[in-house]
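Asks: The structure's right below; bear with me while I get my questions together.
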């Protein structure tokens, strides 16, 4: 009897203590807080109710308000959440995943911004699939291709994202680099996701009887960092369609951040980027025409004219390259002379290393490399590896290459034109190879370091390797480091193939006479 009374007393005491401790637990434990992000400009708000990582709660008796086209999409964090515990959010409904085809679920590796953008983009495709009165997958395949093109304005595709770094500790920590600035590689990933969502919005015709078009990243024009991006102040990225061809869509994105002193007179633009997407038929895979664009404001008309002139110039150069035998001969002779000049110092390194210039270094001695197997978590809505993920990984390797070469933390300046030549699939063996291609030391106050990163898709089973992407990043060093007597070495090629790569890059930059 004594033993039973003691056990009972202990049980009651234990329950009392637990109730006392539980009453002191805050309703939302640390780590479960909404991220300070907003996506605006009319992204389909239906996705809000289907966010798989949402921790927002709703009163059971409260009626859900009707969706508004201009209401922002809240991006929330699921860090530290545990199902079934107090403050851990609503229980996961396993039946929700069955309502959407698996093909519309992108990988979950990406940033909260990318996930929210793809969630909004998937809602457009999902709406098309649901509109056919519960049509099956077989019925969805019978949807006709779009036959009538709409005329849309840039405002109809304009989308913006606000990063509330100043007030959201979790979000700030996700984007912070070791020097308390924004991780550029992670930001490039978000820029590509934003541009893709804008392209999908422009191509959408709101007609449930037509199958939606697929849009893929074709190229990225020069992405220029105008000033450092801090992680302690709110950041905004916004973009819209600026020009369309038959099946191509040009999109300009601007990243803005107000200066720390709050000076409204200074230019808030911190980074600009231009993306080109191409539209393809989701059934045949062939190029498909896209909706027309009608610019309204003077700024929109100016951007349209600039991109149109650039497109015509690109086509004219392509035609000139096809003909002109005599011009081609002169070009080959001039190229041979430049190749010999570039290889002169490299030959000294190879044949007379003791007499080589100590302020120079061979290109092959600046190389770095890493590799990975592409995982399902890194795919996009179309089942391919996300282009922003490739840019992210390429930037990280380029930064490390410049860091090892300079000997101090480099400062990023720009990403040059990027062409996405080959798609990358889940399961591909991807190899990134980098080197310092050349340096520009003419301006002692801002020496430039050009880093090349080449992405190879390798298939060991087939004994095959193809180039998927080639990236060119430009870095410099802080002026304080130069004042301390630091010197950047000149990079020289040791083979003709390396010399040709340098010449091609210099011609693209307009550095060759």
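Just so it is clear, glycine is given a Cβ too, placed from its N, Cα and C backbone atoms.
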Asks: Choose the correct range: of 53-75, 76-98, 99-121, which one does TrEMBL annotate as region 'Disordered'? Give that range.
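Replies: Result: 53-75 is the stretch TrEMBL calls region 'Disordered'.
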Asks: For the region 'Disordered' entry in TrEMBL, name the matching range from 286-326, 327-367, 368-408, 409-449.
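Replies: Of 286-326, 327-367, 368-408, 409-449, TrEMBL gives region 'Disordered' for 286-326.
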Asks: Can you give me the average pLDDT across the domain 'HotDog ACOT-type' (161-283), rounded to a whole number?
Replies: 87
Asks: By DSSP, what is the split of the compositional bias 'Basic and acidic residues' (296-311) into helix, strand and coil residues?
Replies: 14 helix, 0 strand, 2 coil
